[in-house]
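First the structure, in the form of structure tokens, and then the observations on it.
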Amino acid sequence: MKAYISIHAYAQMLLYPYSYKYTAIPNFNCVESAAQNAVAALYSAYGVRYRYGPASTTLYVSSGSSIDWAYRNGIPYAFAFELRDTGHFGFLLPESLIKPTCTETLRAVKAIASGLLKKCNTEKNRFPYI
């Protein structure tokens, strides 16, 4: 398994490890690049902006994160999407925004999957599980 994706609501973010500490993951450059490409693909659908980065610095430090568990157990690309919106509707996203949210998120997931087909140059040297 090369990727793990967890989907949540809400905050418009794409997060990756670590959640529990401020240290950068060994394959940071590869995962950061995948996140950047995913957010760009997401934006291309409806112009919705997502923040991205390590969960600990982009959101807050937390323990028990499934992305940290997946990463620690050998899955080199572990992401958590925090879907629309940024607080106006919160967890009660209007029905009219559900399909657009799905469309843009699918674009981002496809970008992550496409990126996995192309090996990151530094991956083998920086991530011992691959």
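Every residue gets a Cβ built from N, Cα and C, even glycine.
Annotation comment: TrEMBL describes Glu82 as active site, proton donor/acceptor. For Glu82 (active site, proton donor/acceptor), the number of other Cβ atoms no farther than 10 Å from its own Cβ, over all displayed protein chains, is 20.
Summarised by DSSP class, the composition of the domain 'Peptidase M14' (1-116) is 52 helix, 22 strand, 42 coil. The domain 'Peptidase M14' annotation in TrEMBL covers 1-116.
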